[in-house]
2 protein chains.
Amino acid sequence: MTALPDFTRIEAMDAADGLRSMRERFILPSGLIYLDGNSLGVASHAAFAELQKAATEEWGQNLIRSWNTAGWFDMPLALGDRVGRLIGAAAGQTVVCDTTSINIYKALHAAMALRPDRSVIVSEGGSFPTDIYMAEGVVSTRPGASLRLEGVDAPSIEDLIDGTVAVVLVNHVNYKSGELRDMAALTRKAHEHGALVIWDLCHTAGALPVDLDGANVDFAVGCTYKYLNGGPGAPAFIYAAERHHGDISQPLSGWWGHARPFAFEKHYAAGEGIRRFLCGTQPILSLRALKGALDIWDEVDMAALREKSLGLTDLFIALVEEKCAGHGLELESPRDRAKRGSQVSFSHPNAYEIMQALIARGVIGDFRAPSTLRFGFTPLYVRYADVWQAVVILEDILRTGAWQDARFAVRAAVT
Amino acid sequence: MTALPDFTRIEAMDAADGLRSMRERFILPSGLIYLDGNSLGVASHAAFAELQKAATEEWGQNLIRSWNTAGWFDMPLALGDRVGRLIGAAAGQTVVCDTTSINIYKALHAAMALRPDRSVIVSEGGSFPTDIYMAEGVVSTRPGASLRLEGVDAPSIEDLIDGTVAVVLVNHVNYKSGELRDMAALTRKAHEHGALVIWDLCHTAGALPVDLDGANVDFAVGCTYKYLNGGPGAPAFIYAAERHHGDISQPLSGWWGHARPFAFEKHYAAGEGIRRFLCGTQPILSLRALKGALDIWDEVDMAALREKSLGLTDLFIALVEEKCAGHGLELESPRDRAKRGSQVSFSHPNAYEIMQALIARGVIGDFRAPSTLRFGFTPLYVRYADVWQAVVILEDILRTGAWQDARFAVRAAVT
């Protein structure tokens, strides 16, 4: 193993960082090392500027006329195309709307309608839970449908895929471990058995490049408030490959997905293409903050982003394992950088208290029950020096036993 | 008929208006008479203040910690209770989330699950179309289910209710005519046949008082961006009577509705009470603008609101029918004030062009195909003097034929 860099070398890494200027676009609270962009990304000047304009000019002054004059009506598709570029989707296949949970529901129904002679959904026991819950919701509305879970019904998802499977719903990056699945290989495997695939990109979009079109993916969903920095609860996105567009049906058939939404017809008629995943009226203010955040992304080279991301996570793992050795931390994320998203997780029996102590010292990561310390590394605003500083503080907390402070022992409802 | 008031009398009516001071809370664009609050309500200083705080302090500075410290997690329920007061719902029965369309989907599924031996949904052919479209979506997921429409399958909704009907989905105020249904009577009629009722309150909430609990209503939904002034696309609300809470199930079973959302369990377990209508992560910035708007509503007496609303619509009808007589306008809204919401519609063969001419002169109402001029009267910020002025301009446009200007003849995609 090569020797760890000293702090002078760390500063040189930041100085040489091609994404360095991006940090200025964001609003970083002073005194904070924010390693939780995989839960809620930070605000940006561009997001605030768009939000301000949407609120004061468009709502405040132009009111109802803004549906046309400010492009509110076309915004879900316009923003969808901009997210599309970041996930390898050619234009016209991605739309921004609703929540990830609801988009999972739409995608599952659409996929099952494309495989009417099949009844099985395959997903992951270790999925972010809402994916499973939504699959259970879909199963509840489709007589004969059932759900098979990796880690429950078989050890690996590949073992669950057979000729009865309509659709595989799977996370590209695991929310807890940060482990990356092979999108092209699993999609191919599903297609070989006649099944479709929905990729959940919540921890992918803005964290690393993917190529949905190139991997022949069927559907994808994801959120915009993590690595994309769209703002708390910003609307989610949904992708459908163009080859399916003519055959997509899904039961959340609201006015915005209608072929002629202003004709006030008495029956639903699905709009063209990806538009038919739209349903009801979207939260324009939240959408507009996201628009500002995406303005920044238009300038980002995704290969450079990935390189920086791996540089940050490689460094964090190496520093923690050297400086915090002997304190009981176990790496939960893949050591192989090719299999790692943009986060690093370590387990520790006292993970909760340690994370509380870190937060009290200005290092924001998060805790996932029962024993995971989770750290997200957003390449646009996290510096190598932040990684160094976070490890210095973590080592101090472990060495001094500061996490044993009684005030860190009370588990809050929300972590 | 009593003589029409002259302008001096109009000014006296405004001076005597008990809600007069409310207007100062809102941001009214200068030179505009805004009679479209039934499509998008105007912005308020309180909404902007909350939005600013949510963006700059809570997102910008406190980031992920705001889920606890700023009450984001409890906000859908807290705001739900405040909407509840305006619609006659005791606390714990209303939650703010998602869109009206999606909440209709949830309510329909929940109602049908409560009547498993029945298969018919009854709704209105003259409904705001998304209600019908969502009902069609629900029917598509429930084998054997069907939809009967008033005006298609029978002239009156009462004639469609029999022992096969699981649920009646009906608008309290018709979006086009402003006609009000008798909530207590129709609910009673449905219950006599063993059916449940969902009331769509999009044109009711903030327009006039209703008493959901008193009328023994089962479910209700509605939007918050019309008379409640929550902002463009602000999240909607859903109400369920407490007597149903133990038995509610609906398939949009996302993480936020889980009994233990932070335990990351592998199976869905519905939360308590109205909470089980929550699904995915809500758009916090849009929610917070709504919170500001609801701060104003906490001070409003709903009986005084109704009295002002009827004063405005009575005056508008009387002035139009006197001053614009002979120009082909026909009242589409109920003349009987007890049957009227807070809007007035007139039909005219050239309704589209006339509305364009009005908008060009600063009077914002809207057009509904094929021939309706629709005017909404929001009692919190519309003055009697505005009503007078709008009619003066309308009369001038009709008398001079100004609506025949060629630029008003092009029908835009969105009106």
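Just so it is clear, glycine is given a Cβ too, placed from its N, Cα and C backbone atoms.
TrEMBL entries are annotated by machine, without manual review.
Copied over from TrEMBL:
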BINDING   B:Thr100, B:Ser101, B:Phe128, B:Pro129, B:Thr130, B:Asp131, B:Asp200, B:His203, B:Tyr225, B:Trp255, B:Thr281  pyridoxal 5'-phosphate binding site
MOD_RES   B:Lys226  N6-(pyridoxal phosphate)lysine
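Positions of TrEMBL features highlighted on the structure.
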residue	record	contacts (Cβ under 8 Å, 6+ apart)
B:Thr100	pyridoxal 5'-phosphate binding site	B:Thr130, B:Asp200, B:Cys202, B:Val221, B:Gly222, B:Cys223, B:Ala236
B:Phe128	pyridoxal 5'-phosphate binding site	B:Asn171, B:Tyr175, B:Asp200, B:Cys202
B:Tyr225	pyridoxal 5'-phosphate binding site	B:Leu40, B:Gly41, B:Gly231, B:Pro232, B:Gly233, B:Ala234
B:Lys226	N6-(pyridoxal phosphate)lysine	B:Gly37, B:Asn38, B:Ser39, B:Leu40, B:Gly41, B:Cys202, B:His203, B:Ala205, B:Gly206, B:Ala207, B:Gly376
B:Thr281	pyridoxal 5'-phosphate binding site	B:Trp255, B:Trp256
Item checked: Sites among the recorded positions B:Thr100, B:Thr130, B:Lys226, B:Thr281 close to chain A [C-beta, under 8 Å] -> B:Thr100, B:Thr130, B:Thr281
Item checked: Extent of the pyridoxal 5'-phosphate binding site in Å [max Cα distance among B:Thr100, B:Ser101, B:Phe128, B:Pro129, B:Thr130, B:Asp131, B:Asp200, B:His203, B:Tyr225, B:Trp255, B:Thr281] -> 30
